[in-house]
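Undergrad: Pulled these features from TrEMBL for this protein:
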| type | residues | note |
| --- | --- | --- |
| DOMAIN | 233-430 | domain 'Glycosyltransferase 2-like' |
| TRANSMEM | 54-73 | transmembrane segment |
| TRANSMEM | 93-117 | transmembrane segment |
| TRANSMEM | 417-436 | transmembrane segment |
| TRANSMEM | 457-479 | transmembrane segment |
| TRANSMEM | 499-527 | transmembrane segment |
| TRANSMEM | 555-575 | transmembrane segment |
| TRANSMEM | 581-602 | transmembrane segment |
Amino acid sequence: MDALTDQTSLQQIARDKGAMPQPAPLAMPVAPLRAWRKQDQRPLAAPDRWRTPWFSRVITFGGMAAISGFGGYQMYKVVEAGGVTLLEWLFMILFVVNFSWIALAFTSGIVGMGNLLRHGITRKPVLPDRLTARTAVVMPIYNESPGRVFGTVQAIAEDVIKTGHAASFDFFFLSDTTDPDIWIAEERAFVALRERLSEIGIHYRHRQKNTARKAGNIADFVTTWGGNYAHMLVLDADSVMTGETIVALADAMEKDPDAGIIQTLPRLINRNTLIARLQQFAAGVYGPLCAAGLAVWSGRDGNYWGHNAIIRMEAFAGSAGLPDLRGRPPFGGHILSHDFVEAGLIRRRGYAVYMLPQLGGSYEESPPSLMDLAIRDRRWCQGNLQHSRVILSKGLHWATRQHLATGIMSYMSSPLWLIQLLVGLLLALQAAFIRPEYFTNQFTLFPAWPVFDAERAFNLFIFTMVILLAPKVFGWFVTLLNGPARRGSGGAIRLTISAVLEIILSGLLAPVMMLVQAGSVFSILSGRDTGWKTQRRDDGSIPLRSIIARHWRHTLLGVVAAIAAFSISPYIFAWMSPTIIGLWLAVPTSWASASASLGWGLRRLGLLLIPEETKPPELAERAHRLGLEFDALGLEDRKALDLVHGDDRFRELHQQIIQVPPPRVRGRIDTDRVIAEAKLTDAQSLDDARQWLSGRETVLVLHDRALIALLAALPESGSKAA
């Protein structure tokens, strides 16, 4: 008998509450991308709330245009001497595109700095006396550590209970897990959590087929149970959100009848590797500035990041049914980066989408190594490039198109930067072979190409660096002026040293990430699909052999680039040295990025500190402790087939938890089920079933009551006759 079923009658728990509430279906029609009529937009319920932030938009986009125009003009003056060749035109166009990208970050940062200086970095949530609507807090999970995610949700649910508003919330685990052993461990954790928390609704559902991935997981919940709730608050598997913040979001949604999505700014916490702490520091110091700028200029025409946000259920169901894109992946099929598109469709319908960046109590975690970051970026890259198929959809607000374009450019900037470097190298090569005497003995960052104005080029380089680094300086300045943030970052001196260190380390990582992202873009353009891999969420190190296998090409490219640059001129080598050095150090940098000891060492020195390390959030610490408690229960100490076969009580509970499948359509044969049934029928023992059933077939068997009966009838070993 399973130890977790000994304490109480688990069958009674399932009968009393059920793993899921009673179905309350909501229609979720597929939203057309190529057809839209203005009359399909809903009338505004509170028109007085809709104020367009024209001033901020003029500063952001007018300023970007002015700065980009100035930079483009200066580059033209650099190359115009002696006439502009085709190669120089290409170089100038690439420069303007890349320069406009950093100019937008600069002007948005100015808007964000003004907002933070006026209103502060964070504000404590104000709780209402009562809530009138019900909210589902949903956490989609996919092959995650059960102890970790169930411990986190227990901590969050307990925090909601403390607010006195528990009756307004139910929590849901929406599992798309494909590993049968992890799935059954999730069920055991669910049972344990139900026993611990009786004051608030805890529910669990596992899908046999994870159609359309996370977007399909959420859509399945909305269309089956969404009618029970007015709002849906979406968490990621690594999200942590305080009860006060959850209640404040629900209250904000109730008070704003036009709100469709309200997004928070999750702060990065809990990781200790070098690159994770680097990201945490950058997100803590520069993140609020960037988010505030985005929130101010986008206003009620904002964006959604897929988690740590609350959504009006009616708006989501009525607006955000995602179509499949024509063609095959990577550009066709299911929409991967669904969040941007869902936000755009909800805004198109007439609902507001906006961010509350200064609402605290919202957290998430970052990838623990450069390689993990690259894996996540590959998936995000494909999803964002897919938006090129969506950006021209009819009826989208121009701000939505801007959000989609920003997402596309966040990955296209890497290959564009790489191409610009290569074109610059070709220009230098051309100049060296045609007029080598133009490379004088006087050192300069830019070689005196025969068609370049070297002095103007140097001034433009300095101007570009100022525009590039200014948002980081703005973030440092705002943090320096904010007492709690400054003290939480180790004080003024350590904050300043950390900011400089972050710039240096980010500079070393930038060339590697440029090649990684450029490789992802070229891979996607060549038709390769990313698939769906489980994210690594711990601080464990990566074997050096794996790091070398991942980065040796980057190092080799750095060596080749160095030889090529030096053969042209030592001054070309000096100009390209930041990129070359970053590539030379790709392997040790990637190894160091995954090192928890280096991260802890900097933490002990008080560097790259964030306030959440100086004074850890009680909720995050509670979630960690509860995760360890769940792990201590031995959730994964028994295999799925063994537990369902050998424990009658758990098998009965399991059959009450799984959803009743839809009736089979005559003439439509599920070949996986036929094969699984044939294997179980032919099996003479549980040993046979263990050996013969694949992971996918095991999941199918454990979702089918008839096949579970066949499994349970098998002897442990030997033959049926025995």
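The backbone N, Cα and C atoms fix where each Cβ goes, and this holds for glycine too.
Automated prediction, rather than curation, is the source of TrEMBL annotations.
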Undergrad: Do any residues, 6 or more residues outside the transmembrane segment (93-117), come within under 8 Å Cβ-to-Cβ of it, and if so which ones?
TA: 56, 59-61, 63-64, 67-68, 71-72, 75, 288-297, 406, 409, 413, 416-417, 419-420, 423, 464, 467-468, 470-471, 474-475, 477-478, 481-482
Undergrad: Need a quick answer: max count of Cβ pairs under 8 Å to the transmembrane segment (581-602), which of 457-479, 499-527, 555-575 is it?
TA: 499-527
Undergrad: What mean pLDDT score does the domain 'Glycosyltransferase 2-like' (233-430) have in the model?
TA: 95
